[in-house]
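Annotation comment: TrEMBL describes 284-402 as domain 'Fe2OG dioxygenase'. Residues or ranges marked as Fe cation binding site by TrEMBL: His302, Asp304, His359.
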Amino acid sequence: MIDSSQAYKKARRQYLKTTRNRDPNIGKDWTPFRAAEKHFKAQFPPPDFTKVLDLATLDQNSIPKVIAGICAGKPDVVETRKFSTKSGSIGYTFPVMPGLILLPGFLSPEKQRELIKWSLVEHSRHPNETNLDIHYLLPSEGIWNACVRDGTAVLHPRPIEASAEYLTQDPGPRKLIDNTPINPNNFESVNNVSKPPPPPSSTVQAATCSDLLPRLRWANIGWFYHWGTKQYDFSKGKIPVHDTVRELCKGAVQSVDWNEIFASDTSDWGPNGPDWVNWHEDYEPDAGIVNFYQTKDTLMAHVDRSEVCATSPLVSISLGNAAVFLMGGLTRDTEPIPILLRSGDVVIMSGPACRRAYHGVPRILENTLPRHMIDVVDDPSWSIYKDYMNSTRINVNVRQVFPKEFDPGLP
């Protein structure tokens, strides 16, 4: 934000208004992770991007993307080590966080647009559950296809069924759920915990498809995730992971020489020892989520504890507007690494330290849609996607729930 811009002046006025009576010691008890979240969420003062790792600034081919964006970080905020993938692209590891890998620009512009279309047209529809399904009666074609067909069509709230068992929710502000880390020893007991659905809202109103589309926040991949308990609901069965995502994520994992990453690692990998030696053959993503962020959305600090396989790679793909990604440690008391993620970047979180570390997305950066999603001349159908992506970041991430040798005993 330029100091003389109207946006800057508006943010400053709002900041002065909201902080006039604020306790000056309000941040005294914040953890380092919470302080970082607050810093990057703030509209004023604008966040300091000189403290954000931006590895695109090291790549001459990415300079146009850096120049076109409103924000650019620095390449030396934290120590990284450069390596070449088996496909010839460049990747980076982080000595301070073994198992964290960044593959900048791993997806071509064409593949990025293909994945955006898949996310909206093919995936955000029945039988894949979305956040809108909880509260609205959506057509089986999904909210995107319904909106393209007739944006003025009205969708009605889902009725509350008198005989249905719903998840009990305490009144007042929503509370954070600190779920038990799942492992082979407690899997059966966690799996047997009741997982009733959340109740539809009693206050939502009928809305048009075009009004509801910006409220799309997530669409489930594979095994159904139960947000009320932050565990998987295996009773619903599993929807196969679509080949478009499955092959892409397996390809990212197979492109890495894991011996180069973990050969000297001395972490505790559990009773069966390091499983990275078999990831090229055994890695099989079977769950995940597509996140749809609007530019004012955030993803607060959290840990993925729901997979029995607590070390195998989680593959995360960024599409659309750029974002600040915070990578922390095993507690919120570890100061996180802020990383600028651009469209086409792939992050892999793997190994016992990284997979159970706190992470989050405190800021989506407005007006950072790359030129290859704006100046598309060879695809007349792209214009509707460009309009949507102008204010959107899509994140596709998948993971493997069960180790290869583990039998969950599911039907």
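Using N, Cα and C of the backbone, Cβ positions are placed for all residues, glycine too.
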Next on the checklist: DSSP on the domain 'Fe2OG dioxygenase' (284-402): how many residues come out helix, how many strand, how many coil?
Outcome noted: 18 helix, 47 strand, 54 coil
Item to check | Remaining residues near the recorded Fe cation site, that is with C-beta within 8 Å of the centroid of the site residues His302, Asp304, His359 | outcome: Ala301, Val303, Ala357, Tyr358, Gly360
Checklist entry - What is the Cβ neighbour count of His302 (Fe cation binding site) at a 10 Å cut-off, with all protein chains included? => result 14
Checklist outcome for this item: In this structure, the one of the binding-site residues Asp304, His359 whose CB has the fewest other CB atoms within 10 Å is Asp304
Checklist outcome for this item: Taken over the domain 'Fe2OG dioxygenase' (284-402), the predicted model's pLDDT averages 96
